[in-house]
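This report concerns only the one structure given below.
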Amino acid sequence: MPHQQMLILFGLLPVATNISTWWNFGSMLLTCSALQVMTGFSLSMHYTANINLAFCSIIHITRDVPHGWVMQNLHAIGASMFFICIYMYIARGLYYGSYLNKETWLSGTTLLIMLMATAFFGYVLPWGQMSFWAATVITNLLTAIPYLGTTMTTWLWGGFAINDPTLTRFFALHFILPFGIISVSSIHIMLLHEDGSGNPLGTNSDIDKIPFHPYHTYKDILMISIMIITLLLTVSFFPDIMNDPENFSKANPLVTPQHIKPEWYFLFAYGILRSIPNKLGGALALVMSIMILFTMPFTHTSPMRSLTFRPLMQFMFWTLVATFVIITWTATKPVEPPFTTISQVASIIYFTFFMSNPILGWLENKITKHN
């Protein structure tokens with residue numbers, strides 16, 4: 001009887017008995033989101049969106065504001081933790097066929113794009129050397145768009161170069177986008193619980209479900225605790241581990257850093273961009289590296305949902321993971337051989353995974369029917 005009442009109370013949350021730890025990342029992302037909003041709100045009270053004062057305001061926060069250094073480092077390292085969780089969440093979705101819940105997957109991919117935009121705007125705000133030059137390089141890609149590119153870039157910058165209006169609007173966007181993320185997250189969660197989550201076997205779990213609370217609540221609390229402990233240990237002992245040394249210097253438009261690169265969580269897309277020696281081609285590849293996730297629900301041809309019983313796609317999946325790491329690594333290196341060649345080969349393999357999905361599904365059908 002208590003279990004029935006609990007199921008009624010959490011009526012939208014009957015969950016498969018066999019979901020593993022890979023299903024805990026949703027609650028971890030929700031925790032990250034709440035942490036980022038709270039620390040970001042605290043930081044915004046002391047931040048000044050002005051090119052002459054932004055860098056000084058960050059120093060003021062870390063030195064003079066009570067516990068400001070904790071807030072600043074929690075926000076910066078929390079962003080990295082957010083992306084670690086979201087990349088693992090996407091990897092789980094690809095492996096276990098979560099993309100077959102079309103609406104949930106499409107809303108989730110939209111969330112990823114919004115999150116990347118928010119993180120990019122946030123990276124510019126300290127107005128350090130790497131912040132300024134990363135913003136210059138990435139926003140300048142808009143000029144590759146035929147006819148409209150130059151006008152769009154001037155509109156985004158608020159002038160003919162990155163200046164005070166650019167920083168002001170980036171701060172405004174960085175502040176407002178998280179509220180959009182929260183709204184789309186709510187839609188994402190509602191869509192997810194309309195169909196119900198999958199399970200490692202990729203089978204229908206309607207006949208074997210248990211209430212979310214208390215069984216999965218404790219699993220979630222355990223993983224959230226591990227994440228928060230890791231975050232606090234990093235903030236306490238290695239607060240600058242994710243920072244670029246160039247960003248400890250104030251932005252100087254007259255001095256170009258030897259090697260311009262964005263934060264680590266954008267390096268895979270940046271590596272794909274750099275691997276193509278053409279501005280428009282590189283910009284298209286950069287956009288497609290994310291947008292190609294939208295195609296997954298429409299290119300699935302296998303009768304099996306999960307990769308658990310699909311060895312060919314399993315091989316391609318782990319190749320994709322290795323490729324992701326390799327592109328991230330090559331993007332930190334100078335644009336010279338052998339790094340350019342490695343990056344180009346890895347980029348081709350990255351897109352091959354998504355293109356091979358329907359072909360390997362069809363091939364597996366043939367092999368299964370033949371046997």
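Backbone N, Cα and C atoms are what each Cβ position is placed from, and that goes for glycine too.
Residues annotated as transmembrane segment in Swiss-Prot: 25-45 (among others). Among residues of the same chain six or more beyond the transmembrane segment (25-45), those with a C-beta under 8 A of the stretch's C-beta atoms are 61, 68, 71-72, 74-75, 78-79, 81-82, 85-86, 88-89, 92, 174-175, 178, 181-182, 185, 189, 192, 220, 223-224, 227-228.
Positions annotated as transmembrane segment by Swiss-Prot: 69-90 (among others). Listed by sequence, the residues of this chain that lie at least six past the ends of the transmembrane segment (69-90) yet keep a Cβ under 8 A from its Cβ atoms are 22, 25-26, 28-29, 32-33, 35-36, 39-40, 42-43, 58, 61-63, 108, 112, 115, 119, 122, 227, 230-231, 234-235, 239, 241-243, 263-265, 293, 324.
Here HIS75 (heme b b562 binding site) comes close to GLN36, THR39, GLY40, LEU43: these same-chain residues lie at least six apart in sequence, with C-beta atoms under 8 angstroms from its C-beta. HIS75 (heme b b562 binding site) falls within a helical segment according to DSSP. The feature heme b b562 binding site is assigned by Swiss-Prot to HIS75, HIS174.
Swiss-Prot lists 105-125 (among others) with the feature transmembrane segment, giving similarity to another entry as the kind of evidence.
With a threshold of 8 Å between CB atoms, the same-chain residues lying at least 6 positions outside the transmembrane segment (170-190) that come near it are 26, 30, 33, 36-37, 40, 44, 47, 49, 104, 107-108, 110-111, 114-115, 117-118, 121-122, 124-125, 135. What Swiss-Prot records for 170-190 (among others) is transmembrane segment.
Per Swiss-Prot, heme b b566 binding site is recorded for HIS188. Here the Cβ of HIS188 (heme b b566 binding site) has 20 other Cβ atoms within 10 Å, regardless of which shown protein chain they belong to.
The ubiquinone binding site feature in Swiss-Prot is assigned to HIS193. All protein chains shown were included, and the count of other CB atoms within 10 Å of the CB of HIS193 (ubiquinone binding site) stands at 17.
The transmembrane segment annotation in Swiss-Prot covers 218-238 (among others), and the record cites similarity to another entry as its basis.
Annotation source Swiss-Prot lists transmembrane segment at 280-300 (among others).
Long-range contacts of the transmembrane segment (312-332) within the same chain, counting only residues at least 6 positions beyond its ends with a Cβ under 8 Å from a Cβ of the stretch, are 87, 91, 94-95, 259, 261, 264, 267-268, 270-272, 274-275, 302, 339, 342-343, 346-347, 349-350, 352-353, 356-357, 360-361, 363-364. Taken from Swiss-Prot, the feature transmembrane segment applies to 312-332 (among others).
For 339-358 (among others), the entry in Swiss-Prot reads transmembrane segment.
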For HIS188 (heme b b566 binding site) and HIS174 (heme b b562 binding site), determine the Cα separation and express it in whole Å. 21
Let me check the 10 A CB neighbour count of HIS174 (heme b b562 binding site). How many other CB atoms are there? 22
Where HIS193 (ubiquinone binding site) sits in the secondary structure, as DSSP reduces it to three classes: helix
